[in-house]
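Q: Would you mind keeping the following structure in view while I ask a few things?
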Amino acid sequence: MENMFLQSSMLTCIFLLISGSCELCAEENFSRSYPCDEKKQNDSVIAECSNRRLQEVPQTVGKYVTELDLSDNFITHITNESFQGLQNLTKINLNHNPNVQHQNGNPGIQSNGLNITDGAFLNLKNLRELLLEDNQLPQIPSGLPESLTELSLIQNNIYNITKEGISRLINLKNLYLAWNCYFNKVCEKTNIEDGVFETLTNLELLSLSFNSLSHVPPKLPSSLRKLFLSNTQIKYISEEDFKGLINLTLLDLSGNCPRCFNAPFPCVPCDGGASINIDRFAFQNLTQLRYLNLSSTSLRKINAAWFKNMPHLKVLDLEFNYLVGEIASGAFLTMLPRLEILDLSFNYIKGSYPQHINISRNFSKLLSLRALHLRGYVFQELREDDFQPLMQLPNLSTINLGINFIKQIDFKLFQNFSNLEIIYLSENRISPLVKDTRQSYANSSSFQRHIRKRRSTDFEFDPHSNFYHFTRPLIKPQCAAYGKALDLSLNSIFFIGPNQFENLPDIACLNLSANSNAQVLSGTEFSAIPHVKYLDLTNNRLDFDNASALTELSDLEVLDLSYNSHYFRIAGVTHHLEFIQNFTNLKVLNLSHNNIYTLTDKYNLESKSLVELVFSGNRLDILWNDDDNRYISIFKGLKNLTRLDLSLNRLKHIPNEAFLNLPASLTELHINDNMLKFFNWTLLQQFPRLELLDLRGNKLLFLTDSLSDFTSSLRTLLLSHNRISHLPSGFLSEVSSLKHLDLSSNLLKTINKSALETKTTTKLSMLELHGNPFECTCDIGDFRRWMDEHLNVKIPRLVDVICASPGDQRGKSIVSLELTTCVSDVTAVILFFFTFFITTMVMLAALAHHLFYWDVWFIYNVCLAKVKGYRSLSTSQTFYDAYISYDTKDASVTDWVINELRYHLEESRDKNVLLCLEERDWDPGLAIIDNLMQSINQSKKTVFVLTKKYAKSWNFKTAFYLALQRLMDENMDVIIFILLEPVLQHSQYLRLRQRICKSSILQWPDNPKAEGLFWQTLRNVVLTENDSRYNNMYVDSIKQY
């Protein structure tokens, strides 16, 4: 029995091991890129690994990758094995490693800078670009490949630049060494070995800005085209410094001897506030120069001789100096006939607030000038005569007069500019014009001495940006695209009179934001500029009390009225928006962040031309209140609307009727950042053109069972930042149009494969899942297999698709999860039925063996005998009349056999019976089994003296089977039972034998007077054949067969 169980257990274990090994083979390789996102772009293969919390270079990067971005990680070591096998790399970005900014989220990471083994990049023979910015490197890495053409070491701790580090890089074209020793670094000076750059004969760009140099490095290669020496503490530029740089096109010397007043960073001026000393012949060999930056060098005079040999100079930056006098005289301007951009911003005299601006007549010589920046000159009034020198410039298209605190301006002067496209007057003090008189409520004699800082107070500067020059577009590109632009934002035009813009009839883009305007527009204010197409009135206090507002602007296409909530918040004030219906060309209307919760008289918006409406940041939760049906159709009249933004409206639910009254022409619907717990998906059937549905930032708990039942046009579905915990099976079953599905930042613990399977060809190309608390058990394996089967579906930032449970998997990506111990459902079913079958069979076999063993054995032998027929065997010679089998270990039984049974059979007066006894007749030295077989075979009968104990012993069973074997082999029934105790009461064999040959079963009598009869009967049974005493009824029935 035990052996049978052992064998079945071993078989089961072997089967499980085989199944597990198959699973291991199937799961150990994943074809989806991880932890990086790999993509093809033109002829390049790019691996995007930035900001993935990596602590080492991943070994899973494909060997065909050409560009590898490892920036913003926690990598601390680069070794010779880091890029092994990546011989195709042409660009490596290791900027910001370790990422100190985000180190608090990984306290186990020690940040001592990036440690690079010598020669770690040497075997990358195709490497062209190597970016190692902000890595706390103490020196230039050694053993760099000669193939490098660009090397960036910005924001490190490199204080010594020697030939040993870069002399071998003969193919280098761009070298960035800026921001290594600047104002917040503990260093005294940057040491540059003499002639260190001399051997770099192909070098075209060299950046040494924000280092403590004190002088221009000597022996610079003549191949240089761009040289950045900003904020390098250089006080003197000699005639020899740039003598050999005949190919130089860009030179940045800004920040040397800086103007430090109001500086938003630690600033050290030159002694006595002196300006940088530039030799008059310092630039005489720079004949190819196109760009020169002398900003913040405390210049008070401009030497015209500097520009004598600069015939191609196009951009000149002179910001943050003391050049008010030079702007007035302008002798140097005569040397710049091809100058296109001139920046003279923030050259004001501290404490001075002149009435007018004074510019030189020599400005008229700048015939190629396209943009003039004069921010921060600081004056009170701009007259036509002041800009007379500029009016004849044929190419001038941009005038920047921002942050000048101008109070009055004669707009008529701008009519004299033939090609002017951008007029930037933001952040001044321009007041309303009423009856040709400027209204000023400011003290004209006062001047705000606190000039706005030229840079943000944020010390995290962009090392790649122009440190002093304002690089953002002056005007929104969307606005400037319509034509001539005027920016009057952040002024004091709190009232617009009919004559305000009478001298600017050709304005197409107008920005009047942040003027504290609380006017009731009546439809006449902009009559002088009827061709305006883009109007920005944001951040004012406009009162929409007149239904004719803005109707004079018949060509208006974009109207921005956002952040005018002042009067919309007041319930008792009239709120008219029906003026919108008067615009026949209006395409975009922005009413966001106005807290609109009530309208007057007319409750619906109407427009036949409007294409886009931004209604975010209002109070639709009140407008669509269950108890108020007036605004149910507020958007129904917008017949051609394609994009509607209803975000940030505090909506907890959307009435079905209100949703059905949205324009059927919608292609984009944004309902993000509300408080919706339920969304009626069935209503999407009313929008046959809807392509984008944005439901981000709500509290949705459930999704529809089948999206295809309600929309066939949807391409983008955004559901991030909700509370969705389950993705229904069949969610995308027949959706063929959906391309982008965003399920990030929800409560999904697992995703069933059936939820993403489609019956038709799917177009799904983007699936976002990061930020979900996935439960990484074997149930996630189904989704993992789907990921491997659908490589065309991009899952961005797989490193952020992480496990929340169980504890040992917490924080791991589901892609890195080891699922080899998991068994598939099919395999699990097969194993279950297999083990169930084996276990059941073993149990049934054990039960049958216990209950029906003899019956089976007997039937088997009867059948076998029937098949083989009767064969007479030669009978062995017998010496004994009977062999007595008894329990020799039982003293009472042994005594009964020797003194009673032997006496009455062998020593009786009647015919004696010769018995074979174990303790008397067995041969010494012969094996027990041999003695037993010999005793049974040499005796005519075998008598079993049975007790309860002996009937259970193996000795009895062995002797019984041997005696029974004679019946099979010799057809001789030799068995006789003497029952000293009632035993084998339920034995099928004993019951059958009692029916066939009852006399062969004797029981020791309880009555002593019956013992004589017992001995006589035993003697007769031993001396006669058993078959002569068979019950004829049974014998005859057997003989028939």
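Every residue gets a Cβ built from N, Cα and C, even glycine.
As the structure is a computational prediction, the values presented were derived from the model and not from experiment.
Under the heading topological domain 'Extracellular', Swiss-Prot lists 27-827, citing sequence analysis as support. The feature disulfide bond is assigned by Swiss-Prot to Cys36-Cys49, Cys181-Cys187, Cys257-Cys270, Cys260-Cys267, Cys479-Cys509, Cys776-Cys803, with experimental evidence given as support. Here Swiss-Prot flags Asn42, Asn115, Asn160, Asn247, Asn285, Asn293, Asn358, Asn416, Asn582, Asn590, Asn640, Asn752 (among others) as N-linked glycosylation site. Annotation comment: Swiss-Prot describes 171-193 as repeat 'LRR 3', evidence class experimental evidence. As annotated by Swiss-Prot, repeat 'LRR 5' applies to 224-244. Sequence annotations record features per position, and here Swiss-Prot assigns repeat 'LRR 10' to 368-389 based on experimental evidence. Positions annotated as repeat 'LRR 11' by Swiss-Prot: 395-416. Positions annotated as repeat 'LRR 15' by Swiss-Prot: 531-551. Swiss-Prot lists 585-606 with the feature repeat 'LRR 17'. The feature repeat 'LRR 18' is assigned by Swiss-Prot to 609-630. The repeat 'LRR 19' annotation in Swiss-Prot covers 640-661, and the record cites experimental evidence as its basis. Annotation comment: Swiss-Prot describes 665-685 as repeat 'LRR 20'. Residues or ranges marked as repeat 'LRR 21' by Swiss-Prot on the basis of experimental evidence: 689-710. Positions annotated as repeat 'LRR 22' by Swiss-Prot, on the basis of experimental evidence: 713-734. Sequence annotations record features per position, and here Swiss-Prot assigns repeat 'LRR 23' to 737-758 based on experimental evidence. Residues or ranges marked as domain 'LRRCT' by Swiss-Prot: 772-824. The topological domain 'Cytoplasmic' annotation in Swiss-Prot covers 849-1041 and rests on sequence analysis.
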Q: Give me the long-range Cβ neighbours of Cys257 (disulfide bond): same chain, 6+ apart, Cβ under 8 Å, in sequence order.
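A: Within the chain, Cys257 (disulfide bond) has Cβ neighbours under 8 Å at Lys235, Pro269, Cys270, Ala274, Ser275, Ile276, Thr297, Ser298.
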Q: Asn42 (N-linked glycosylation site) has how many other Cβ neighbours within 10 Å of its own Cβ?
A: 6
Q: What is the interatomic distance between the Cα atoms of Cys776 (disulfide bond) and Asn358 (N-linked glycosylation site), given in whole Å?
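A: Approximately 73 Å lies between the Cα of Cys776 (disulfide bond) and that of Asn358 (N-linked glycosylation site).
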Q: How would DSSP class Cys479 (disulfide bond) in three states?
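A: The three-state answer is helix.
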Q: Can you grab the distance from Asn640 (N-linked glycosylation site) over to Cys267 (disulfide bond)? Cα atoms, rounded to a whole Å.
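A: So the alpha carbons of Asn640 (N-linked glycosylation site) and Cys267 (disulfide bond) sit roughly 57 Å from each other.
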Q: CA-CA, which of the recorded positions Cys49, Cys181, Cys187, Asn293 lies nearest Asn285 (N-linked glycosylation site)?
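A: Considering only the listed recorded positions, the nearest one is Asn293.
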Q: Per DSSP, what is the residue count of the repeat 'LRR 19' (640-661) in each of helix, strand and coil?
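A: DSSP composition of the repeat 'LRR 19' (640-661): 5 helix, 3 strand, 14 coil.
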Q: Per DSSP, what is the residue tally for the repeat 'LRR 10' (368-389) in helix, strand and coil?
A: 5 helix, 5 strand, 12 coil
Q: Of Asn115, Asn247, Cys803, which is closest to Asn358 (N-linked glycosylation site) if I measure between C-alpha atoms? They're all recorded positions.
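A: Nearest candidate: Asn247.
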Q: Can you count helix, strand and coil residues in the repeat 'LRR 20' (665-685) using DSSP?
A: 5 helix, 3 strand, 13 coil
Q: Which of these recorded positions is closest to Asn752 (N-linked glycosylation site) if you go by CA atoms: Cys49, Asn247, Cys260, Asn293, Asn590?
A: Cys49
Q: Look up Cys187 (disulfide bond) in the DSSP assignment and report helix, strand or coil.
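A: DSSP call for Cys187 (disulfide bond): coil, neither helix nor strand.
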Q: Measuring Cα to Cα, how many angstrom lie between Asn416 (N-linked glycosylation site) and Asn293 (N-linked glycosylation site)?
A: 30
Q: Would you kindly list the residues that approach the repeat 'LRR 15' (531-551) from elsewhere in its chain, counting only those six or more residues past its ends and only Cβ-Cβ distances under 8 Å?
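A: Hits for the repeat 'LRR 15' (531-551): 476, 478-479, 482-483, 489, 505-523, 557-564, 566-567, 573-579, 582-583, 585, 590.
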